[in-house]
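Enquirer: I am attaching a structure below and will ask some questions about it afterwards.
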Amino acid sequence: MSTEQQDERTEQDERPPDWWHRDHPTFTALTGFFTGLAFVILVPGVFAAVLSALFDYGRAEELFPFVLLTLGVPIGLVAAPRTRRFGRYMLIGMSTTLLVVVGVAALVVWFLVEVEG
């Protein structure tokens, strides 16, 4: 590797992030919101899959409530000043997803009881 290549590499490494990572007003909000949405959908499912792969059904069922410990991730992000905005939008994404899932489930149960029952 020549000196020119090393100089070129250090210039690329020291280059500041692109403008949309640094300055765009909605970048942090959108990434936080969709991270919260994916977090609510993926984390419990992956946690259940790993538990069922490692333990028998009864033991996996007993250990599943420990998935609530993952709520410490967005709370920790909100507590740290540097990631506070991202963590806040992640919590908004998580709560919005939960609200939609619970609302649709309640509507389906109501429909099944009232109309089909």
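One is the number of the first residue shown, and numbering goes on along the chain from there.
Backbone N, Cα and C atoms are what each Cβ position is placed from, and that goes for glycine too.
Pulled these from TrEMBL:
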- 27-51: transmembrane segment (TRANSMEM)
- 63-80: transmembrane segment (TRANSMEM)
- 92-113: transmembrane segment (TRANSMEM)
Enquirer: May I ask for the residues of the chain that lie six or more residues beyond the transmembrane segment (63-80) and have a Cβ under 8 Å from a Cβ within it?
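Expert: Answer is 36, 39, 43-44, 47-48, 51, 55, 86-88, 90-91, 94.
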Enquirer: What residues in the same chain, six or more past the boundaries of the transmembrane segment (27-51), come closer than 8 Å to it by Cβ-Cβ distance?
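Expert: Sequence-remote neighbours of the transmembrane segment (27-51) are 20-21, 59-60, 63-64, 66-67, 70, 73-74, 85-98, 101.
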